[in-house]
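**Q** Okay, these came from Swiss-Prot:
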type: BINDING; residues: ALA8, MET9, SER10, GLY11, GLY12, VAL13, ASP14, SER15, MET35, GLY124; note: ATP binding site
type: ACT_SITE; residues: CYS100; note: active site, nucleophile
type: DISULFID; residues: CYS100-CYS196; note: disulfide bond
type: SITE; residues: HIS125; note: site 'Interaction with tRNA'
type: ACT_SITE; residues: CYS196; note: active site, cysteine persulfide intermediate
type: SITE; residues: GLN336; note: site 'Interaction with tRNA'
Amino acid sequence: MQQTVIVAMSGGVDSSVVAYLFKKFTNYKVIGLFMKNWEEDSEGGLCSSTKDYEDVERVCLQLDIPYYTVSFAKEYRERVFARFLKEYSLGYTPNPDILCNREIKFDLLQKKVQELGGDYLATGHYCRLNTELQETQLLRGCDPQKDQSYFLSGTPKSALHNVLFPLGEMNKTEVRAIAAQAALPTAEKKDSTGICFIGKRPFKEFLEKFLPNKTGNVIDWDTKEIVGQHQGAHYYTIGQRRGLDLGGSEKPCYVVGKNIEENSIYIVRGEDHPQLYLRELTARELNWFTPPKSGCHCSAKVRYRSPDEACTIDYSSGDEVKVRFSQPVKAVTPGQTIAFYQGDTCLGSGVIDVPMIPSEG
């Protein structure tokens, strides 16, 4: 009996190539599914969903495959955007892409795949799955510049049992070449960057529509002197340099702490200031593909583009771990996701929980 693969299509070149590969080289019945998570200009947000859907339509018509659209705009606002705003209001810096994968793409979209009679869900993520073992393992994509396992690290492994990542073994150059050879309408379309609902506008400009400006003090961590004013502590993230508007300093200034209750931010001068670095952190909201034992030696990424950092994981409680790095790590940001690896295998992830105000040590 012919099986059905449903391709999550975004209107970009990656998912277009996924649909093409399944249609051209497999016996699967292929269906395209476009997911709309944000209403145009909804609540001040911008999104290119209309143009993206038109591109999905063009690709599917060329490939002669059926296609559908589903709107999760309401659920996205409730399960991703609302949390995004709440975390920012509390001083954290969440990653909405990781939230979207967990709450929408590999939950609600999975259910839609089942409704449509799909056997598999295929996406254009640059990562791999090892299904040969008893437990599904998430692996890095073979292209280190495009590896997206970090963004999948917060997704429950139970949600990946029927997922296919055909681009995991490829690099972007190969994908572009396939798209060009197949004359896909999206072959030369630029990759999307940034957060969907923010669009091309400055991040602060978007955020202040929901978290109003509130003037507060900028405090020099070393001297404890007030050196300037800011428009809201929640707009700033640990390690941030841009947007401080502090003149008269020979060295660059960086945010090292925030006091949300007092609406103050703390800065240090110089990119190598010791307060910018941490040797350990706590991670909460753990999600494991391959649960490590306490004392496990592995590596970790504290943000998407950060290098792997050697570390040790120790369980401090059932839902938290203590992470100790071999070398001090710069600009560790509360609210961001830390993903753990052993070689190419992603062990899982947690949410970084470090003090908003650094210690005096």
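Keep in mind that glycine also has a Cβ here, set from the backbone N, Cα and C atoms.
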**Q** If we check Cα distances from ALA8 (ATP binding site), which of the recorded positions CYS100, HIS125, GLN336 wins as closest?
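**A** Ranked by Cα distance from ALA8 (ATP binding site), first place goes to HIS125.
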**Q** Whole-number Å distance between the CA of GLN336 (site 'Interaction with tRNA') and the CA of CYS100 (active site, nucleophile)?
**A** 14
**Q** How big is the gap, in Å, between the Cα of MET35 (ATP binding site) and that of HIS125 (site 'Interaction with tRNA'), rounded to a whole number?
**A** 15
**Q** Looking only at C-alpha atoms, tell me how far HIS125 (site 'Interaction with tRNA') is from GLY12 (ATP binding site), rounded to the nearest Å.
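**A** For HIS125 (site 'Interaction with tRNA') versus GLY12 (ATP binding site), the Cα atoms are 12 Å apart.
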**Q** At its widest, how many Å does the recorded ATP site span between Cα atoms of ALA8, MET9, SER10, GLY11, GLY12, VAL13, ASP14, SER15, MET35, GLY124?
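**A** It comes out at 16 Å between the most distant Cα atoms.
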**Q** May I ask for the distance between GLY12 (ATP binding site) and CYS100 (active site, nucleophile), taken between their Cα atoms and rounded to an integer number of Å?
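**A** Rounded to a whole number, the Cα-Cα distance is 17 Å.
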**Q** What whole-number Å value do you get for the CA-CA distance of CYS100 (active site, nucleophile) and ASP14 (ATP binding site)?
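**A** Their Cα atoms are separated by 18 Å.
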**Q** Report, as a single number, how many Cβ atoms besides its own are within 10 Å of the Cβ of ALA8 (ATP binding site).
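**A** Its Cβ has 23 other Cβ atoms within 10 Å.
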**Q** Which of the three DSSP-derived classes (helix, strand, coil) applies to ASP14 (ATP binding site)?
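**A** DSSP call for ASP14 (ATP binding site): helix.
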**Q** In sequence order, which same-chain residues at least six apart have a C-beta under 8 angstroms from SER10 (ATP binding site)?
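**A** Counting only residues 6 or more apart in sequence, the Cβ neighbours of SER10 (ATP binding site) under 8 Å are PHE34, MET35, ASP52, VAL56, GLY124, SER192.
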